[in-house]
Amino acid sequence: MTKGLSQPSQNRKTGNPKAILHIFALCSFAVAQPLLDLIAKNAELLVARKIEGFDIAILILVLCIGIPAALSLLVIVAGKISAKLKRAVYLGVIAALSSLLALLFLKKAFITSNFTVVVFAMVLGGIFCLAYIRTLMLRSFCDFLGFAIPMVPMLFLFNASIYRITFIPDISFVQATELASPVDSDSDINTPVVMIVFDELPILSLLDEQADIDRVRYPNFGEFAATSHWFSNAETVSGQTSFAVPAMLSGTLKPKALPIAADYPQNLFTLLAPTHELIVSEAVTSLCPTSLCSTGTVVNASERLEGLFTDLAIIYLHLLTPSQYIHRLPAISQSWGNFTQQSIRDQQNHNNNVDLSGRKSKFQEFLASIDDSVKPTLFYYHTLLPHVPWDYLPTGQSYVSAHNFLPGLDMSQELWGDNPLLVNQAYQRHLLQVGYVDTLLGQLIDKLKSQEIFDKALIIIASDHGVNLWPGSKRRSILTPEQGKDIRGITLLIKQPYQEQAYTHYEEVDSLSILPSILDIINISPVPQLQAESLFKTTVPINIAATKPFLNNKTLARKIALFSSGSYDRLYNYTLSPELLDNSSSKFLITGSETLSFLFDQQAILNSVEVQSEFIPALLTGEVFGHSTSAPPIQLALFLNQKIVAITHTYNENGVLKFTALSAPSNFIDGQNTLEIFSIADISTKKLEKIRNQRGVDYRYPTVDQLTIINGQDGSTITLLPEQVSSAIDKIIIEDGYLSISGWVINQTQVSPVDYLLVDLNGQLIYLGEVNLLRRDVGQAYNNEAFSSSGFSVKLPINLFEVMDMGSVTPKIIAVTAQRASILTGLTGSLFADTISNMFGESNSNVQ
């Protein structure tokens, strides 16, 4: 008879303390410790989510006690049924936890990126379980591992950053008042102060070929500079927002501090609190104590914890998933959290923790809060623009249906690829979003003038850091000394009260001087902690062109060569072979391609464009079939409404041949637009081969009785069959200009995800989209790995619904596999109509 657990285990009482101890110990190492360690190293996530000490206590209880307790309860319940079932469940839990632990170790120790590492981890977990059964020494070792149960949470709590968030109380109103400097008799305490911080805005993006602000492309920055001090050689002290912004607002750089008031007690908000009302909106920091800044949105504990645990689940999946499949997970870069809502529909993946949704509407809310109150006011706003994702045109229209769609960037490593076209297209989109930032600045100027605040106010326009947009480089890292300006070179303009003349400063200054300058201008005594002096005590404006810091800068030269300066025409029209733009198909010798076909991602949206709406499908993306991904790229000519709007080439992304290009909004017309794609056989002889649209441009219903048939443009039919698929609608959410529906769908008959989705409203096709997002939970639920890529996220522009009678709406999501289709359940007309009604109620104020 096997010694150890075999026979004796059958006689153990249900809930044997040592068995429970082993579950808790293994769970501490496999689940709690990796997550808590990651949180402790990135405590800014907690700050950005406004997490409090109570929330941290709940977090520890769930990870260190709740999860192992649930697993232990499962074993106990199984024991109530039978000893054999209890044994099987218990050993299954041990094997699962040891497999997770092995997978975490293997991912760190080996380069293997495919599913083999998961299989190997499961084998190791099985071996550990067998050894656990047969070896008393291993079970004794698990007894010893029980020390981790209290040690893991203790080490987490006594991490310096976590300790400060958990145990150090927020600054009270009395403490804040005591922190403020004495107010001089000649202080300008009646001066309103306005400070706007733009996120990820390098000064190089605003410059023309003369290294001056491009007043044609960015007229509002030009207008503001005309009555301001422009510090053209200003640099940030950190490329990380959680350090750069506190440095601006406190005048100190603290490399180990958190962006909280307890670590920066003397800052812009506490220093101005005795004399100014505070209207403050912080995006990443929490420097304004709640006793002073209670005007922001209050998030209750349940909402904070729901968001935090959702993010932790995504992070844990990233810890476990082989790198080959990480691109299918919701991204955990490019944002400060809320990963599921931001990226569940993103097919790609150090500022990783704040919600980037609602950037347009939040700025409008801030503008609405500005008025000329009796008491002088500090208006502070940190906007997460023009930070990625790059979704906006200068008009404020959004144009990207796949959230955070950014080909050319490995988001898991923040690394640009070596494809110059993709990186240049990303640069193009960045500059267009900078144009939207210019539009927002114009709205701010107009609002301040309408409230008679502009002239008398001290106004600071700044950015926290820049961004690197060179192929082969990291987005936030420096490869060469000259690239340092891409990251460090920031936008900084300061308008003094009643200033009417422009001054340009060319000498190098840094962002630590911003707070001392504010205190200097309004005559408040500086505090001793300041690590810099006022800019107006250390700099003298000069106007010698030879001293301009960026005249010979390589990044600026590249930007001008690619996109020129002045009007947006060259920026919109960046493309390969620009000489071919605007040509009609009649100018070319055209034949049909015998092998190639394409799919366009926004085919249905092209059928109902409204040029002046909040959304316009300017980003033309899709897939090409019939060409090997290992062969040289195909050069493509994209015709929109019978004229060339872009020349691009295909690129390989995870074994799929794709294309992307941007079209100017002026190329679209109201109503139906037609996209045609040609491969360029020979530019010199103007030979083109027309590529077949694999799905046509329309789907029509020949019958109205339950819509039995869908007709494709090529005459093929797709039969609607009941109960062909299993599916679930997980979430319907409203974002800037969009309605997003996410869920999963599988084809039960063919044991695979479906090919694509059609969204229909009242018999009208409004969307066609892919089904390929990672849903490991679905694969596990059906015990079939083929179902792990069954997720979808449908993102629909508001303007698609404006002409519909929502009281009689009949929504359908139709899943298509080969020539068969089924309608998904779970999307009722009333739910859909209510969501749309709420969307219009919330969005009316946001339409510009």
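Glycine too: its Cβ is placed from the backbone N, Cα and C atoms.
Taken from TrEMBL, the feature domain 'Sulfatase N-terminal' applies to 362-523.
As annotated by TrEMBL, transmembrane segment applies to 56-76 (among others).
Here TrEMBL flags 88-106 (among others) as transmembrane segment.
Positions annotated as transmembrane segment by TrEMBL: 112-132 (among others).
According to TrEMBL, the transmembrane segment annotation covers 144-163 (among others).
The stretches the transmembrane segment (56-76) and the transmembrane segment (112-132) are not in mutual contact, being linked by fewer than three Cβ pairs under 8 Å (pairs 6 or more apart in sequence). Note on the domain 'Sulfatase N-terminal' (362-523): mean pLDDT across this stretch is 92.
Listed as Cβ neighbours of the transmembrane segment (88-106) (distance under 8 Å, sequence separation of 6 or more from its ends, same chain) are residues 19, 22-23, 26-27, 29-31, 34, 71, 74-75, 78, 112, 117-118, 120-122, 124-126, 128-129, 132-133, 319-320. Same-chain residues lying 6 or more positions outside the transmembrane segment (112-132) and placing a CB less than 8 Å from one of its CB atoms are 5, 91, 94-103, 106, 138-139, 142, 322-325.
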